[in-house]
């Protein structure tokens, strides 16, 4: 009923994130909305939520997470009050086990929490301002360090901040410290670990399987993204589709096909390096080397994000055409094909005219 009311009001009322109840797209990433319009959530709010795990099913997903899981996490958040603003929806917990601080994503930023985000390694973690730590080589070292050294609580800077502990104590009254920790991270229904699998790109620390340099996942996505080709000498890997549509990769001819998915390995490595600076229009993660063919358009995607955002892929093997048009410009592909055909005919006509002119000059001599 609520969704129909929102649809009637339309322009006068914008959809808000189910976690932070705001429209803070700049801080929290793109606001993603399910096809049935019933679920809306910022990508960062989902990405860092403690109990969300990636979904590899064929069912509808939202930012790499199943709709059902997102709804469960939003429901769980109604019982979790933010350590900063004291409002519900705070599903992002400090990654130190004994800490029970929970946040909305934008509240974590405002409270000067440390955001650790390394998509290539599958790391999406938050440390509250009390437990911020730097200069660690690995996340395992970070957890071990926190377990060995109790950090002194920071002194309150103002009266306003000194009051923030009371609502948290009320919410967890009567619970043990271990119970508080698992409740804030949603691990009461799943096995507790210091390295929770909660993102579309996260893997366990012991998982050494190769992952695509573009989309940061492995062979589990081969069916949708093509075979994962591995180049052991350079410790590089990439899905076929991710390479095929990347703007700077060069596909080799049939007479000089290499083992790396028929692509020039140098161009693939260059694209992977370039992708580290290219953030996806949909998920805001690096590796988005597939750009819309319209020159004035700045949208870039991972292959699967382009599919999810309803971009249009043009794949013509006989002519070697592999292009993407974002959903705003998907109607331009037919006009683009016509332009190419006209250009091809024009080039052919110019070549014939040049041949005739050369022949006339020879006859004249």
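Along the chain as shown, the residues are counted starting at 1.
Using the three backbone atoms N, Cα and C, a Cβ is placed for every residue, glycine included.
Just so it is clear, the model here is predicted, and its values are computed rather than measured.
Feature list (source: Swiss-Prot):
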MOD_RES   2  N-acetylserine
MOTIF     13-16  motif 'Nuclear localization signal'
REGION    14-132  region 'Extended PHD1 domain (ePHD1)'
ZN_FING   14-52  zinc finger
ZN_FING   80-132  zinc finger
MOTIF     129-133  motif 'Nuclear localization signal'
MOD_RES   138  phosphoserine
REGION    139-211  region 'Disordered'
MOD_RES   145  phosphoserine
MOD_RES   155  phosphoserine
COMPBIAS  157-171  compositional bias 'Basic residues'
MOTIF     157-169  motif 'Nucleolar localization signal'
MOD_RES   183  phosphoserine
MOD_RES   199  phosphoserine
REGION    209-330  region 'Extended PHD2 domain (ePHD2)'
ZN_FING   209-249  zinc finger
ZN_FING   278-330  zinc finger
REGION    330-365  region 'Disordered'
COMPBIAS  342-352  compositional bias 'Basic and acidic residues'
COMPBIAS  354-365  compositional bias 'Low complexity'
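Averaged over the zinc finger (209-249), the predicted model has a pLDDT of 86. Each residue of the zinc finger (278-330) gets a DSSP state, and the totals for helix, strand and coil are 6 helix, 16 strand, 31 coil.
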